[in-house]
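The structure appears below as C-alpha cells.
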Amino acid sequence: MNSLTKSINLDKVSYPQSTVKDYILLMKPRVMSLVVFTGFSGMWLAPNSLHPFISVIALICIAIGAGSAGAINMWYDRDIDALMKRTQKRPIVRGAIEADEALSFGLIMAFFSVFFMALCVNFLSALLLLFTIFYYICIYTMWLKRSSIQNIVIGGAAGALPPVIGYASVSGSVSLDSVILFLIIFIWTPPHSWALALFCNDDYKNCKVPMMPVIKGALYTKKQILIYSVLLFLTSLMPFFVGMSNIIYLVIAAVLGLVFLYYSISLFYDNADNKQAKRFFAYSIFYLFFIFLLLDFCRV
C-alpha cells in the first residue's frame, strides 16, 4: 500500500470509542494555550476594562474559536498528517475520532464561539474572531499551505490576530497598540516555523508541502530566518516608543531579542545537524511567551 492509498483509507478504518482527551488533542491545546495567553495580553493592555465575568467569556470564546480552527485543520490535513512522523499520533490519524465527526465538532465550536462573542462581548471582537477562523482554515490550511512557499508568512496572520481580538473585546476598537501586538507575532511566526521545517524537512518533502527548506534549501531558509530575526528585534522595541510599556520592558526585550539574534546567527553558520534548529525553535517559543508576559507586567 503506497502513501496516498494509506492516507485515503483513513476514512475507512474502524474507530474505537473517542475519549475526552482525544477531543482536547483535536483542538491543538498547545497552540490554543498560546492563543489564549496572547489574547489575554491584548485585553490587559487595552485602555479600558471589562467586567471580570465578561472577560472570562471573551477568553473562552477565543479558546473555543482557536480549538475549532485546530479541529478543522486536522480534518483537512488528515492525509498528510498520516505521512509525517510529527503528526502520526493525532486523533484522526490513529483512528480515535472519525473525520466527519471532527469536522462537525469544529464547525459547531466555531459557530458558538463567534455567536457568544457577539452576544456577550461586542460585534467587532466577534467579527475579528470569525475572520481569524476563516483565514486559518480557508486561506492558510486549504489554500496556501500546500501551494505557496510563502504559506507561513501570509498564513501566519491568523495566529497573530488573538491579541487584536482581545484588545477589541475590551476597547471595541483596533488601535496602533493592538497592531503592534499583531506585528510582533506576525514577524515571529516565519522564523519559528522555518526552524521547525528545517528539522522536519524530510516529512514536509514526503508530503509535498512547499515549506521554504524544501523548495529553496537550508541555507536560503537560514538567511530568511536571520532577516526576520532582525525585523523582530526592532518590532519588539516598539511598545516602549509608543508609550505602551516602560523602560524595564525596553531593556529586557532588547536582551531577549539579542539572544534571539544570537541563535539565528548560530543557526546560519551551523552546517552540522539539526540541533541548532531545534534550539532556535525551543527558544522562539520561550521568547514569545516572555515578551508578552513582560508587556503585561510593564504596561504604562
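Each Cβ is built from the backbone N, Cα and C atoms, and glycine gets one as well.
Nonlocal intrachain contacts for the transmembrane segment (31-51), taken as residues 6+ away from its ends with a CB within less than 8 angstroms of a stretch CB, comprise 58-59, 62-63, 66-67, 70, 121, 159, 162-171, 177-178, 181, 185, 244, 288-289, 292, 295-296, 299. Taken from Swiss-Prot, the feature transmembrane segment applies to 31-51 (among others), supported by sequence analysis.
Beyond the transmembrane segment (52-72), the same-chain residues lying 6 or more positions past its ends with a Cβ under 8 Å from any Cβ of the stretch are 26-28, 31-32, 35-36, 39-40, 43, 102-103, 105-110, 112-114, 116-117, 120-121, 125-126, 129, 132-133, 136-137, 141, 158, 162, 165-166, 169-170. Marked as transmembrane segment by Swiss-Prot: 52-72 (among others).
Annotation source Swiss-Prot lists transmembrane segment at 92-112 (among others), citing sequence analysis.
Residues or ranges marked as transmembrane segment in Swiss-Prot: 123-145 (among others). If you look at the transmembrane segment (123-145), the same-chain residues 6 or more away from its ends with a CB under 8 A from one of its CBs are 58, 61-62, 65, 68-69, 72-73, 76-77, 110, 113-115, 117, 151, 154-155, 157-159, 161-162, 164-166, 168-169, 172-174, 209.
Per Swiss-Prot, the feature transmembrane segment maps to 152-172 (among others); the stated evidence is sequence analysis.
Annotation comment: Swiss-Prot describes 179-199 (among others) as transmembrane segment.
Look at Swiss-Prot and you will find 225-245 (among others) tagged as transmembrane segment, backed by sequence analysis.
Per Swiss-Prot, the feature transmembrane segment maps to 247-267 (among others).
Sequence annotations record features per position, and here Swiss-Prot assigns transmembrane segment to 280-300 (among others) based on sequence analysis.
Within the chain, the transmembrane segment (247-267) has long-range Cβ neighbours (under 8 A, six or more residues past its boundaries) at 191, 195, 198, 222, 225-226, 229-230, 232-233, 236-237, 239-240, 276-277, 279-280, 283-284, 287, 290-291, 294-295, 298.
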